[in-house]
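Taking it in order: structure first as structure tokens, then the write-up.
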Amino acid sequence: MRIEKLDQNTKKSLLETLLKRSPNSYGKYEESVREILDTVKDKRDQALFEYTEKFDGAHINADNILVTEEEIREAYENVDPELIDIIRKALKNIESYHAKQMQYSWFDSKPDGTILGQKVTALERVGVYVPGGKAAYPSSVLMNIMPAKVAGVEQIIMVTPPGKDGKVTPTTLVAANEAGADRIYKVGGAQAIAALAYGTESIPKVDKIVGPGNIYVALAKKAVYGHVSIDSIAGPSEILVLADETANPRYVAADLLSQAEHDELASAILVTTSEKLAHEVSDWTDRFIRELSRGEIIQKSLDNYGHILIADTLDDAIDAANEIASEHMEIVTANPFEVMTKIRNAGAIFIGEYSSEPLGDYFAGPNHVLPTNGTAKFFSPLSVDDFIKKSSIISYSRDALEKIHTDIEKFAEAEHLTAHANSIRVRFDGKDFDEK
Ligand SMILES: NC(=O)c1ccc[n+]([C@@H]2O[C@H](COP(=O)([O-])OP(=O)(O)OC[C@H]3O[C@@H](n4cnc5c(N)ncnc54)[C@H](O)[C@@H]3O)[C@@H](O)[C@H]2O)c1
Ligand SMILES: N[C@H](CO)Cc1c[nH]c[nH+]1
Ligand SMILES: [Zn+2]
């Protein structure tokens, strides 16, 4: 990995390089995504069948697009029972973490008869996109479905591309069934997003679409936003390790590679105050790459987006980390909790040398769908909040309204909205009974 001194120039050029990985920098795909969306809107199911044949090489029709109970039973027979147990244990942790995020309706009443409040309602029907192109991610199935389940969403519709044999990976099906998907459709890419956004003969229109995917999926989600809601646009994975001389270089190197493994566009950055650690981590990454099965992808990702920056002070390192606003941040310093209080921007913060990133990807409970590409400056992890909405509650008694009715009338007249003023005034002008 390249080792550089952290200064204004290296920071600026790193930020520019990282931005190139954003789905916003892939405008050239927008035209083909637009065409797919329009075709599905127009030709509905027929378009889904044709695109699935073209992009996934699978024959899908009205009779087999929906995963059957028989297929789910078959999937259970093909997954290692130990893995099913692990999925269940992970689900328990994910469920109990997300249960703490629940928001409840509240009502505030005063003696004069005023009641104000906020009614929390779960979304009725949501669509969950599960990637299935290059690799299957059953852990992402759990992370996307469980918060919707905890929120109380009535119907969870999952879509995922089939393999050439027209089937969905058994582990994905088991994870979906364990997490509580109501229906699973075998369709992926931009065409699946279009189906969820507009509805087809087979697939019902949803209120919100969540879930990661490749560039076609990301751009399609962006294009249908407004027609339906979406979660954030999750780009390629990122890790930033903030470490001082107390960190174990072998652990740090292993953690950096864990995210570089996802994608050639993934980024892995170490910011450290220790020159010695910088060189040791670099040596360990070289050793690990030779032993790991996805070494080629890791090497490409590190060549493009792997950086080790040496900072003069811990405060400089923290400033850089806040500017980069990484999806995942590990803090491995002498006082990691103190450092954590100075971190403003990160999707998930892993504290101490035993909190390695994959702990969060699979098991601890917090969601692994996190803001990427610097969007941790304003976005949060996927959560129960994504699956609820709120309605304001207003109830005034006659006495309560009488005390303030002239204020409202005056305010409305100042906006020249006399019908507004009138709708308050008629209740107090004494004409209720004589002018029917
Ligand atoms: N952030 C997260 O939590 C997280 C989790 C899992 C996966 N991911 C990311 O999701 C992505 C998954 O990508 P993937 O490709 O493996 O699966 P995918 O399911 O997102 O995409 C496959 C679909 O892409 C479409 N497609 C392929 N080539 C096309 C073309 N030329 N024109 C139009 N459409 C085309 C096809 O319809 C195919 O079904 C990866 O980048 C991975 O890193 C992120
Ligand atoms: N680290 C990924 C999000 O950036 C999520 C994931 C799924 N499986 C393993 N990792
Ligand atoms: Zn991961």
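Numbers here mean position along the shown chain, with the first residue as 1.
The backbone N, Cα and C atoms fix where each Cβ goes, and this holds for glycine too.
Keep in mind that TrEMBL annotations are predicted by a computer and have not been checked by a curator.
Small disclaimer: the values here were computed from a predicted structure and weren't measured.
In the three-state DSSP scheme, Glu327 (active site, proton acceptor) falls into the coil class. In the structure as shown, the Cβ atom of Glu327 (active site, proton acceptor) sits within 10 Å of 28 other Cβ atoms. What TrEMBL records for Glu327 (among others) is active site, proton acceptor.
His328 (active site, proton acceptor) counts 26 other C-beta atoms within 10 Å of its own C-beta, drawing on all protein chains shown. Marked as active site, proton acceptor by TrEMBL: His328 (among others).
In the three-state DSSP scheme, Gln191 (NAD(+) binding site) is classed as helix. Using a 10 Å radius centred on the Cβ of Gln191 (NAD(+) binding site) and all shown protein chains, the other Cβ atoms total 29. The NAD(+) binding site annotation in TrEMBL covers Tyr129, Gln191, Asn214.
For the recorded site, His262 (substrate binding site), the DSSP three-state label reads coil. Of all the Cβ atoms in the protein chains shown, 20 others lie within 10 Å of the Cβ of His262 (substrate binding site). As annotated by TrEMBL, substrate binding site applies to Ser237, Gln259, His262, His328, Asp361, Glu415, His420.
Sequence annotations record features per position, and here TrEMBL assigns Zn(2+) binding site to Gln259, His262, Asp361, His420. Around Asp361 (substrate binding site), a 10 Å sphere centred on its CB holds 20 further CB atoms from the protein chains shown. Reduced to three states, the DSSP call for Asp361 (substrate binding site) is helix.
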Contacting binding-site residues, sequence order - Tyr129, Gln191, Asn214 vs ligand 2, Cβ under 6 Å: none
Cβ-based isolation winner (fewest other Cβ atoms within 10 Å) among the binding-site residues Asn214, Ser237, Gln259: Asn214
Mapped DSSP class for Tyr129 (NAD(+) binding site), helix or strand or coil: strand
Distance [Cα-Cα, Å, rounded] between Gln259 (substrate binding site) and Gln191 (NAD(+) binding site): 28
